[in-house]
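The structure under discussion appears below in the form of structure tokens.
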Amino acid sequence: MAKIYTDKDVSLDVIKEKRVAVLGYGSQGRAWALNLRDSGIKVSVGLEREGNSWKQAENDGFKPLRTEEAVRNSDIIIFLLPDMIQRTVYLERVKPYLKEGMDLVFAHGFNIHYRLIEPPSNVDVYMIAPKAPGPIVREYFAKGGGVPALVATYQDHSGKALQKALAVAKAIGATRAGVIETTFKEETETDLFGEQVDLVGGVMQLMRYAFQTLVEAGYQPEVAYFETINEMKLIVDLVYEKGFSGMLTAVSDTAKYGGMTVGKMVIDESVKERMKKALDNIRSGKFAEKWVEEYGKGANTIKEGMKEVDNSTEEKVGRSLRDIILRGKPKS
């Protein structure tokens with residue numbers, strides 16, 4: 001079983017006197033910087049240019065610095081930038097200023113695991129991967145809670161990399177919930193797999209095919225949207241709160257019987273075999289290699305895919321129904 005760390009297992013002392021630079025001020029960057037500061041950690045925000053993120057950081061009470069200046073004046077460098085720009089920022093803005101004893105910290109293992117970034121041997125390299133988007137990381141922390149996270153060490157020059165990883169996790173609120181120790185390899189491969197086969201790829205494609213099947217059979221698109229796409233949230237919320245057994249207990253016997261019999265017909269063993277192929281591509285590095293190449297050519301697959309989704313019947317129907325769906329939502 002995995003080792004789970006909570007507040008009582010972790011001390012902030014190991015990073016209390018360290019200077020931390022958060023590179024990036026997007027969803028995760030803002031949440032981490034605010035939470036770290038509220039935990040008493042000395043934080044600076046490093047940004048590439050004076051844009052919207054710069055203004056947001058100033059509005060939040062920070063004095064943003066250019067990336068290289070933030071790096072030069074810090075002991076712990078936290079990469080909270082998009083995966084595909086981290087390597088360039090590292091080579092141009094971070095690597096020239098690295099000194100022995102500094103730390104490189106990541107929220108996802110992609111660049112380290114696939115060796116897009118190869119740190120020198122005299123620095124610590126570790127990861128804290130919150131299991132929620134940045135706004136939730138901040139919201140839960142501000143309300144006295146926290147979201148779970150994974151931690152891992154890749155390079156332990158100081159002998160204290162795990163202690164520091166756990167301390168950073170505590171400072172952003174993760175140990176209030178629970179922190180699981182993993183490896184860069186495990187986090188990267190399982191994260192990519194989940195995104196591809198169900199969370200982003202599989203579930204969206206399943207919902208789209210279900211919607212299209214009903215519409216092609218002559219059912220009203222609006223009704224099809226409610227039954228195959230909109231109600232997914234209700235089911236996922238039940239699974240999130242109560243697990244599969246709790247969800248099944250909550251739905252009707254008719255839904256249980258239909259789901260248990262037809263579900264296995266639609267999602268059969270052949271799907272699992274294709275999932276294994278997707279995992280093989282992740283583990284071998286083929287997916288990463290293909291994605292890096294695609295990004296370098298302008299990421300046209302994403303642009304074309306987004307255009308196709310935006311112009312699809314299901315998306316157009318969803319946009320038209322959003323006012324109805326949200327109108328009845330109680331005011332918080």
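Don't overthink the numbers, they just go from 1 along the chain as shown.
Placement of Cβ uses the backbone N, Cα and C atoms for every residue, glycine included.
The candidate list SER53, SER158, SER245, SER252 contains one residue that Swiss-Prot assigns to the NADP(+) site with TYR25, GLY26, SER27, GLN28, ASP83, MET84, ILE85, GLN86, GLY134, namely SER53. It is 27 Å from the Cα atom of GLU231 (Mg(2+) 2 binding site) to that of SER27 (NADP(+) binding site). Of the binding-site residues SER27, SER53, GLN86, SER252, GLN86 has the largest number of other Cβ atoms within 10 Å of its own Cβ. Checked against HIS108 (active site) by C-alpha proximity, the binding-site residues SER27, SER53, GLU227, SER252 yield SER27 as the nearest. Between the C-alpha atoms of SER252 (substrate binding site) and GLU227 (Mg(2+) 2 binding site), the distance comes to 15 Å.
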